[in-house]
């Protein structure tokens, strides 16, 4: 059975998709209005999310509870006219499954009890059977896809190898990546060994999410922007490119979005991948990004690189905009969409925030954002 036939057989398990606006935009097909969703759209800014999380007891218990993970995924779709759902989970599920002891401290974010600091730590990392150690994620994907009943497409996701490695080596979040960058410059082979293991796990993890029901995939390279130019190419992009290429072999019809926070400087580099779309944070104007990608595609084609004709863009409203008044939010959305369509394009764009929505946003302001996107005349 071909990969395409396999994907078709998977789709037969679920209700037909009713709103395919986002998928059409990613394929550069005509759309009636701009599709929109929000990173972290199921999260702490919603009172109903807080109530469900309190019932679960803690964050990871919520992630591992199929019914509650399904519930919080659906909550924003009951409030807002969103064009996609995204699996409720965490980017650190892979290192947690590798035995690093993930835990959360109030006000400090995720931490690991057993960070990777020496070769023995690295050698102990298991080769994951994602359908065993991360089966709760796959159960959630299937449950969510079934509950959506074809309303909108479902995103699956993973952290990038570089981003996962920073947490695993630092033992949590970091401002300076002291240990990770220390290995990068003093023992790069050690870091490459870790990134190689992680890339293999990310491929299998995202593959399993598609089999479970995910219709789109996003790779979150949240800390790729912390790297220098050459280091980004070698320690982040190379592994992201490998992941996307393998996913396209296994599931050629599944769109892949690659989001590198702080990666606007490297759009020309990221263009040399099989990703269908590139995510932008708020520091890069969308019209400029379109121009860079158009030129990059021209140069890559000139050098006989086998690529699709173009790449869609996703993003990129500053999440802090949602602290503003409704009038300010609408004005900023209109400016963002003016930029997105400035070069005459009428598709190939998905509206989103430039990073995740924060816990302090008024839920009513999120609705202003979403409605303003849909109200904009392309």
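Placed from the backbone N, Cα and C atoms, the Cβ positions cover glycine too.
These come from Swiss-Prot:
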BINDING   40, 41, 42, 43, 44, 90, 167, 222, 355  substrate binding site
SITE      90  site 'Transition state stabilizer'
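Other Cβ atoms within 10 Å of the Cβ of residue 90 (site 'Transition state stabilizer'), summed over all protein chains shown, number 17. For the binding-site residues given as 40, 44, 355, the lowest number of other CB atoms within 10 Å of the residue's CB is seen at 44. Per the record's binding annotation for substrate, residues 40, 41, 42, 43, 44, 90, 167, 222, 355 show a top Cα-Cα distance of 23 Å. In this structure, residue 167 (substrate binding site) is part of a helix by DSSP. Note on residue 167 (substrate binding site): other Cβ atoms within 10 Å of its Cβ, all shown chains, come to 26. With respect to their backbone Cα atoms, residue 90 (site 'Transition state stabilizer') and residue 40 (substrate binding site) stand 10 Å from each other.
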